[in-house]
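What TrEMBL records for 1-24 is signal peptide. Per TrEMBL, transmembrane segment is recorded for 266-287, 583-604, 616-640, 646-667, 699-718, 724-749, 797-816, 1059-1083, 1090-1110, 1116-1137, 1157-1182, 1194-1217. Annotation comment: TrEMBL describes 582-749 as domain 'SSD'.
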Amino acid sequence: MKKLYSITLMFVIWCSFTISTSFADYIHQEGYCVMHGHCGSKSFFGKELNCPHNKPAIEPDYDLRSKLVQICGSQYENSLTCCDANQLDDLNSSTKQVETLISTCPACWKNFLNFFCTLACSPNQSTFLNITSIGTSPITNLKIVTSVDFFVGETLGKGFYDSCKDIKFAATNGYVMDFIGGGAKNYHDMLAFLGQERPIGSPFQIDFPLNDTSDIMLPYDDPPKRCNDIDVKYRCSCVDCQSVCPVLEPTPEEKPPCLVGSLTCWAFGLYLTYFILLMAIVIRLFVEKFWNRNRFDREGFEPVALTEEEDTSLTQEHPSRRYALNLLLQDYFYQQGYMCAKYPWQTIGVAALIVFLATLGCSQFEVERDPVRLWVAPNSDSAMQKEFFDQNFGPFYRTQQIFISNINSGLSIINYNTIKKLFIIEREIRELKSFPDNHTLQDLCFRPNGDSCIVQSVTGYWQSDLDRFSKETWEEEFKSCTFAPTYCLPDFQQPLKPDMILGGFENEDYINAKALVLTYVLRNSLNQNEIDAAREWEKSLREYLDKLIGGENDKIDVSQLRITFSTESSLEAELNKSTNTDIYTIILSYLVMFFYASLALGNATLFPRTIIDSKFMLGISGIIIVLASVSTAVGIFSLLGIKVTLIIAEVIPFLVLAVGVDNIFILNHEFERLTLKSFGEVSVEERIAKTLGRMGPSILLSALSETIAFGLGGIVTMPAVRNFALYASLAVWVDFSLQVTAFVAFLSLDAKRQEEDRIDCFPCYRIERAPERIDKEGLLQKCMRKYYAPFVLNKKVRIVIVICFVGVFMTSLSFVPQVELGLDQRIALPFDSYLVDYFNDLDAYFRIGPPVYFVTKDFNVTKVDGQKSLCGRFSTCNQLSLANILEQERKRSNVSYIAEPTSVWIDDFFHWLNPSLEMCCRFKKGTDQKELCDEYDDDNDCEICFKDREPQWNITMSGMPQGEEFLKYLGLWLKSSPDESCPLAGKAAYGDAIVRDLEDITVKTSHFRTFHTPLKSQNDYIAAYHSAHRISELINEENPSIQVFPYSVFYIFFEQYEYIISLAAEIFFLAFVSIWFVTTLLLGSAWTGFIVVCHVIMIITNVLGIMALWGVSLNAISLVNLVICVGIGVEFCVHIARAFIVGGEGVDREERAYRSIVDVGSSVLSGITLTKFWGILVLAFTRSKIFEVYYFRMYVSMVISGAFHGLLLLPIILSLIGGEGVGSGEDFDYDVFEDEEMFGGRPIRSADNRMLVDDGGIESGESDAEEL
């Protein structure tokens, strides 16, 4: 390939210069030459150099003129010349090879040809060429030119460069300028590259002075052809010329965001709304206060205190209605509670049997670890597209990557010793054998062209051969190769761009790069045996690098180097290790919650009464019920073939514990209250029955709401979320069923044990002379009654609290759009994982984005209409063809995330057929056009494809093959290997990019490869995914005959973010509707059900706002946690709401709100808030970042938000606008405060409660408490 890449530099050998050391010594005027013919070479193996010849131009004979016109054009039909036949032969041979690269853009080709024809043959050569040095050929003893100055005008130079700079070399997703100009960024660099003397470049030095200070030389400055030339025969296609491309519509990403100052319009609107509401409330309060004061003054009335009876008659609501369903549920749970308490062992036995039978399904237990099956539904677009791609083109390669930098990150890594160490490391990796099957890199690597593995490393500039790496010349060679990678090809014969092998440099200052990048590419396969072999070698590679970094390699000292790495299987291995580490944190968290719950259920008394009144065993039984509900759900769904995920294993016990412990506390506290009132008068069975009769409907309400809400989540397609929703729904319902049966039985047994003075946990032992049982109100409940409830329900406090909560809600709502999407891989890893450093280096140093393939399927490209929908380099291609759209999108890479030119196989294929490219498509004569010639076959033994074809091959595509002929030539093209003479051959670049269907005479599928820009953040990956799909939709829209979809290896993991917001909205909507329906049905109040739903929405909103502020992104894990938040929110709210609705007959909202706090507030606080709080604290000390971010932060947020809304805001809202109350049966009267010994001999009625919430503030409430 080196010959091809250096061929453009050889044109200078056709030039002859006169010997001159100053302009005045020689003739520099029109009609004079400075060279003519060849006079020998510098060495025996060197190339022919030109003869100095400062004489008039010659008149060519007929044969020479014919050849001159044929090669250089009609401008030489009547002119003199400075070149001979040998020079023209060399010129023709070389330009034919260069034509394969640049003929796709006629303007560039014409300028290129004119430039070198003028250099070699112009009759006015002496006006722009000046010899600066000459030598003597040792072969011929003749004078030869060794260096010249070539004066080129800016108009020509800039126009020449502009016409060629955008021409693509599709096979490498690069530019032709990389080959003909060394990747030049302007015409000065392009010309300097062409003139640089080097062994594989120009045989002598050509300089291009920028300024001519003399009046003798006249720069060559003929008007060049433009790529958008008005002459259509020179006009280039959109792919190679930006000026002729169609203008695409702006994308939404290009539109500026709506801002008011530094605030988004959304946030500004919310804050403005809140300010208006706040001002309206303040104004109303002032007006109301002024009006009331003036009204009394005007009317002359004096407020007189009412008697209790008068006050009650005025403030009492209409007698509470009876709600039949409530009475029915109370009666049902009363009967069930009585039976379970009367026959506890039978109840426990039946429950245990059912749980045991269900748990047998765990024999089919499987954990789903494949991330593809976790996050993507099998019928999703990305999953089907990945399967289609893998089946037709093979799975994407397995990548192993190493970054090497200095311990001191500010120092350059480019030095002789470091690169030498890299040679040794690579050699040892090549010799590395896996255990136990002894696989080597050579066995497993990807080899697109011959036996050479793709290893992208700076050592490739020296063909990975340490003997070529010289201490004296390495730096110059490094600079030369990074400037022109095409001239320093590695053994796998593909250019190594500096961006691929170096990192941490600026402005192409490669010598000061901060990192070396080493990449190995292994084959991938659908065959599990091949995958296992690759994994085995990758494990050996990891072990080798671990020892190298750890200083265990005696051959190489890397103590001053920082090495980070990753293999294809590294992430999965580290994630599994993280899970194994986190299991201990999870277990400890659950144990803390279990221990707290067990202790909190009992009452603190003096020894030895403590060991009797404690309820540790009851707490353990409640925890066993929680575990039994989880195992039941796992057993049933395992039997149904629904696999457990790590999210389920880690989260479901947490959820069920949150729900279950709350219900346990509610039942236990209600039982304790009944015991305080009627101990010694009513049997345990009767008290248990009344307890379940009162609290059973409330527990049913929360359980049914959560079960339905979670169950509806099962309709979503994302497997991780769907499976979680199904498991959670069943586990919560089983937990409820066991609590109202088995736990009631345990509660009955524990109560009887306690009344018989038996020791907790050791019921066989009874304390004979135990102290008398002290029945008193619990401390938490007392605080709720005496201090918390009066304070919260004070009128002024209520106003302030409502204003604050609305403000917090509005603020949270303003932050919701700022919640980022994605899951950073670093967060999912242990904090000390070696991959964390690797990902940091990847972001800091790697400058190449992942490849992206635009795949066509079910499309007949053998017809001309289909060909026009794909191509980009022919005049009749559709203006918005696939190639043209992708090229235009590349030019706005800030929104398209497309960085490189696209490999368009059909353009290269058709140009390979071009008969003017005589070294490309050639058949061996006598083989019936079935066997191709290679570069070494004699021209006389070959016939050129399409040479005598009718219609002829042309740029309008009228002479292109179709149908069976198309497939015939396509097959030959895909078998031909690229070489110096024809780089357009398709085997290396497109061998696995096209799937032919010979039976149906079509191309079944093909892909068009390009590269994304470097993607650093999750937002970049999501935006790149979105952009690629937007582009494919545009292609399909503009070309209805084709079906295109984009594919990149990471797409399948990011599809969820295309719909995760709508998915979350769908789940929440269904959950909220189901919660409203169930609460309305069981409470008998649609309005109260609406209030509950509003509070759950506010809790979710607050959590989302905290996620935005605390750096918690939205993904499948956080979405599952948000679904949990719905359940936690219901737990915080529905018990308070039901206690408010069923709060006694004929009492106003304020008293029912007061009673709801006192009756169940303490249970909610101790049962769910404090239990979860202690368990969450443990998560703060986890080694896993994912637990710290997605569990600790989110759970803290949801528990705190839920507690504040359920225990603070909800009672206030209910006291202000709560729904109408309903009465309970006579056996379930909620007025438990009528006990004269406890509460001063009178019940708390409306008049008392009014005093608690009047304008007098907390003082009046406290005095009332003292009076009681």
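Every residue, even glycine, has its Cβ placed from backbone N, Cα and C.
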Exercise. Do we see three or more Cβ pairs under 8 Å linking the transmembrane segment (699-718) and the transmembrane segment (1059-1083), pairs being at least 6 apart in sequence?
Worked result: yes
Exercise. Per the definition of 3+ C-beta pairs under 8 A with sequence separation of 6 or more, do the transmembrane segment (1059-1083) and the transmembrane segment (1116-1137) touch?
Worked result: yes
For this session: Determine whether the transmembrane segment (797-816) and the transmembrane segment (1194-1217) share at least three Cβ pairs under 8 Å, counting only pairs 6 or more apart in sequence.
Result: yes
For this session: Determine which residues of the chain contact the transmembrane segment (616-640) at the Cβ level, with the cut-off under 8 Å and only residues 6 or more beyond its ends counted.
Result: 351-352, 354-355, 358-366, 594, 597-602, 652-653, 656-657, 660-661, 664, 668, 723, 726-727, 730-732, 734-735, 738-739, 742-743, 746-747, 750, 760-761, 763
Seminar exercise, completed: Tertiary contacts of the transmembrane segment (1116-1137), defined by C-beta under 8 angstroms and 6+ residue spacing from its ends, are 374-375, 647, 651, 654-655, 658-659, 662, 666, 698, 701-702, 705-706, 709-710, 713, 718, 720-721, 724-725, 728, 732, 823, 1056, 1060, 1063-1064, 1067-1068, 1071-1072, 1075, 1079, 1083, 1088, 1091-1092, 1095-1096, 1099-1100, 1103-1104, 1107, 1156-1157, 1160-1161, 1163-1164, 1168, 1172, 1186, 1190-1191, 1194-1195, 1198-1199, 1202-1203, 1205-1207, 1210-1211, 1214
Problem set entry | Model confidence over the domain 'SSD' (582-749), averaged pLDDT | 83
